[in-house]
Amino acid sequence: MINLSLPSPANLVPPPPKTLNPSRQKTPPTQTLKNPNFEHLKNRLIHQASVGHLRQAISTLDLMTQQGLTPDLFTYSVLLKSSIRTRQFHLGKLVHARLSESQLEPDSVSLNSLISLYSKNNDWVTANAIFENMGERRDVVSWSAMISCFSHNDMESKAISTFVKMLEFGEYPNQFGFAAVIWACSNAENAWIGDVIFGSVIKTGYFESDVCVGCALIEMFATGSGDFDSAKKVFDRMPDRNSVSWTLMITRYSQMGNRKEAVELFIDMVESGYMPDKFTFTSLVSACAELGLLSFGQQLHAQVVKYGLAFDVCVGCSLVDMYAKCAEDGSMVNSRKVFDLIPDHNVISWTSIITGCGQSGKHSKEAIELYCRMIEDQVLPNHFTFSSLFKACGNLSDPDTGEQIYAHVVKMGLAAVNCVGNALISMYARSGRMEDARKAFDILFEKNLVSYNTIVDGCTKNIDSNEAFGVFPQIEDTGFVLDSFTFASLLSGAASIGAVAKGEQIHARLLKAGFEPNQHIANTLVSMYSRCGNMEAALRVYSKMERLNVVSWTSIITGLAKHGFATRALEMFQEMLNAGIKPNEVTYIAVLSACSYVGMIDEGWKHFNSMYKEYGISPRMEHYACMVDLLGRSGFLEEAMQLINSMPFEADALVAEIRKTMKKKNLGKEAGSSWTEIENTVHKFHVGDTSHPQAEEIYKELDQLVTEIKEVGYVPDTSSVLQDVEDEQKEEFLLQHSEKIAVTFGLINTSKPKRITVFKNLRVCGDCHNAMKYISMVKEREIVLRDSNRFHHFKNGICSCNDYW
């Protein structure tokens with residue numbers, strides 16, 4: 001660690017100006033100064049350099065030398081500064097070579113310019129060599145230039161130690177030295193050092209007098225400490241704010257997630273009369289993309305055109321991204337218009353449009369087509385391009401195309417890049433090829449937390465939650481700090497298999513780790529508990545949430561609807577509207593499902609008709625399906641057919657697409673199965689299953705159970721048995737249904753008053769539904785059965801669905 005010992009801020013008094021040693025001052029030859037041709041050529045050179053014509057200026061320098069005239073150090077300094085200003089570093093090196101050939105002894109001014117030249121050209125080695133050879137000729141400008149060199153070449157510790165040496169050398173830091181070292185402290189590791197230096201800055205008066213120091217302090221507090229309050233205080237106390245300082249604050253607010261504050265600050269900036277530049281607009285448009293502020297983003301687009309920045313690549317890319325993310329219908333029309341207006345496409349602009357197409361889902365094929373055009377235009381893709389392409393292939397469930405693209409990845413040497421490997425894992429997982437996903441995960445050279453999160457998420461989405469839970473301890477062994485995505489994926493995995501005990505354990509682990517449930521985690525907890533059959537726990541989590549978004553409301557409404565609490569679900573929906581939260585497509589699926597579950601036809605029509613009229617949401621196939629189900633099960637078959645015929649798409653289109661996907665993945669109709677969780681272990685049963693270790697005990701208990709419920713009125717409904725066999729054998733088939741086996745297993749292995757929760761992958765049959773009512777009555781146990789459609793709560797011989805399912 002650096003031993004930073006600064007002089008007391010009160011003792012930092014500027015020393016008197018240093019006088020140069022007369023013996024070290026060199027005067028050009030008298031005959032050169034009196035030569036009128038020398039002055040003419042020198043003036044011409046200075047003019048050429050000042051207007052940026054550096055090559056012509058160097059030609060003039062060579063002409064002077066050819067005529068026997070000796071250019072002075074001032075001439076060389078002018079040329080060096082011009083090369084730095086125009087960023088023509090290769091010409092600056094040429095000037096350095098001419099200076100070395102001239103036999104002139106460089107002064108501190110020219111040497112400082114050389115340090116800046118090589119520093120800005122990222123050649124810190126040469127810059128440092130020049131600095132070290134200066135000896136006593138080093139002044140405050142030299143030190144500041146070297147500190148800045150180290151700071152901007154990612155050598156923060158070296159920059160800070162050089163600052164300390166400057167103090168030990170007896171040199172008083174100026175605003176440039178302070179600004180450079182503070183920039184070096186703009187990271188978590190060195191922020192504490194920045195706090196120490198900040199004290200000196202305040203005492204010396206540079207804090208409120210120099211905009212460069214102010215901007216450096218803003219960067220240090222915002223990026224280094226994440227302390228936006230202090231950053232804003234610095235900004236507010238700056239007397240001479242300029243467009244750079246405004247843009248810096250706006251950019252950091254946007255990048256660090258404080259996007260609303262960025263938008264508000266931009267409005268203040270414009271009202272204060274400052275002119276935004278391309279960096280301002282890029283940050284603001286990106287903030288609008290994340291906030292979904294399409295209208296404000298369009299206003300910014302108009303300003304971009306007004307300021308003549310419409311053809312800038314960076315601004316254009318941010319607009320492409322904004323229109324892609326904010327289009328409610330997933331349209332890429334506006335994004336394509338902006339993209340097409342960019343005159344010179346590079347890898348960034350191509351990647352932005354490919355990413356936009358890939359993330360919308362509806363334009364994934366277009367993303368791949370654009371990639372082909374990009375290759376034809378001989379623009380080389382980067383790792384971000386490939387990551388977006390793998391996402392597009394995942395959307396399409398097209399790993400074959402993804403593997404062709406992966407061949408390009410390998411050819412370009414990008415296979416070891418984390419984001420590319422993670423995207424490949426996700427593509428395989430989303431395409432249902434978990435074995436390939438696992439192989440891609442295993443061969444990834446350097447895994448990060450995203451890698452582990454991706455494989456866990458893939459496992460949970462492919463109903464392989466046990467595999468996901470197996471990865472969990474591996475993540476902990478690596479030393480990675482689990483984030484919200486990890487916990488959310490594991491909670492989703494518990495929900496997918498109804499493993500409430502595992503879900504509770506994960507909930508406890510995240511609390512024990514001091515991980516306060518954020519909005520995303522809380523929403524996932526609500527969903528997990530409701531999907532696992534524990535609606536009471538879901539409501540408890542929901543009631544403790546301080547902030548609710550559309551996902552929060554939708555999760556609780558969906559849970560209430562699935563559990564048969566339709567009236568409460570609709571009341572929640574009204575509360576959501578009263579709170580000013582705009583519903584989305586998924587919210588309306590939950591609302592219409594609630595109406596369907598209890599046969600609320602008028603309510604269903606009311607909400608179905610309000611979707612587009614009040615919120616501009618066009619009904620999708622799922623919404624029509626809910627209404628058809630509601631009407632059909634309520635006996636209004638003619639109305640159901642009329643609704644089907646009025647749909648803006650063919651009713652068979654979605655069935656055909658599903659069958660096509662199933663065929664592509666070699667999937668068939670899933671066999672009936674049920675499962676239940678006992679003591680943190682999931683036990684799964686199929687029809688007529690005899691593979692379980694307790695099979696003999698289960699069937700013995702089941703025979704006794706059927707006898708008991710028959711005594712109180714149960715009559716087997718053999719009409720659902722399609723086999724042409726005797727009634728006695730039909731009853732035997734009914735006895736072997738997986739949900740009956742699972743419930744019996746639960747009765748054997750648990751005691752009163754514990755509730756038995758069973759999950760079934762298909763819809764419960766009428767006979768099993770009827771049997772569950774009688775079992776709950778004779779055994780005095782609550783039974784919760786989740787089938788493919790909804791939850792059934794059986795208690796005291798009554799089901800929560802009122803036999804309407």
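Even glycines carry a Cβ here, placed using N, Cα and C.
Here is what TrEMBL records for this protein:
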REGION    1-36  region 'Disordered'
COMPBIAS  1-11  compositional bias 'Low complexity'
COMPBIAS  20-35  compositional bias 'Polar residues'
REPEAT    107-137  repeat 'PPR'
REPEAT    139-173  repeat 'PPR'
REPEAT    242-276  repeat 'PPR'
REPEAT    346-381  repeat 'PPR'
REPEAT    448-482  repeat 'PPR'
REPEAT    483-517  repeat 'PPR'
REPEAT    518-548  repeat 'PPR'
REPEAT    549-583  repeat 'PPR'
REPEAT    584-619  repeat 'PPR'
DOMAIN    713-805  domain 'DYW'
Would you kindly list the residues that approach the repeat 'PPR' (584-619) from elsewhere in its chain, counting only those six or more residues past its ends and only Cβ-Cβ distances under 8 Å?
328-329, 550, 553-554, 557-558, 560-562, 564, 566-567, 569-570, 573, 576, 626-627, 629-631, 633-634, 636, 790, 801-802, 804-805
Could you break down the residues of the repeat 'PPR' (448-482) into DSSP helix, strand and coil, giving a count for each?
27 helix, 0 strand, 8 coil
DSSP residue counts for the repeat 'PPR' (518-548), split into helix, strand and coil:
22 helix, 0 strand, 9 coil
Chain residues in Cβ proximity to the repeat 'PPR' (448-482) (below 8 Å; excluding those fewer than six residues from its ends, i.e. six or more beyond):
418-419, 421-422, 425-426, 428-430, 432, 434, 437-438, 441, 489-490, 492-494, 496-497, 499, 502, 510, 513, 515, 682
Can you work out the mean pLDDT of the predicted model over the repeat 'PPR' (584-619)?
92
By Cβ distance under 8 Å, which residues at least 6 away from the ends of the repeat 'PPR' (549-583) in the same chain are close to it?
519, 522-523, 526-527, 529-531, 535, 538-539, 542, 589-591, 593-595, 597-598, 600, 603, 607, 615, 617, 786, 790-793, 800-801
So how many of the residues in the domain 'DYW' (713-805) end up helix, strand or coil by DSSP?
37 helix, 16 strand, 40 coil
Within the repeat 'PPR' (483-517), residues counted as helix, strand or coil by DSSP:
27 helix, 0 strand, 8 coil
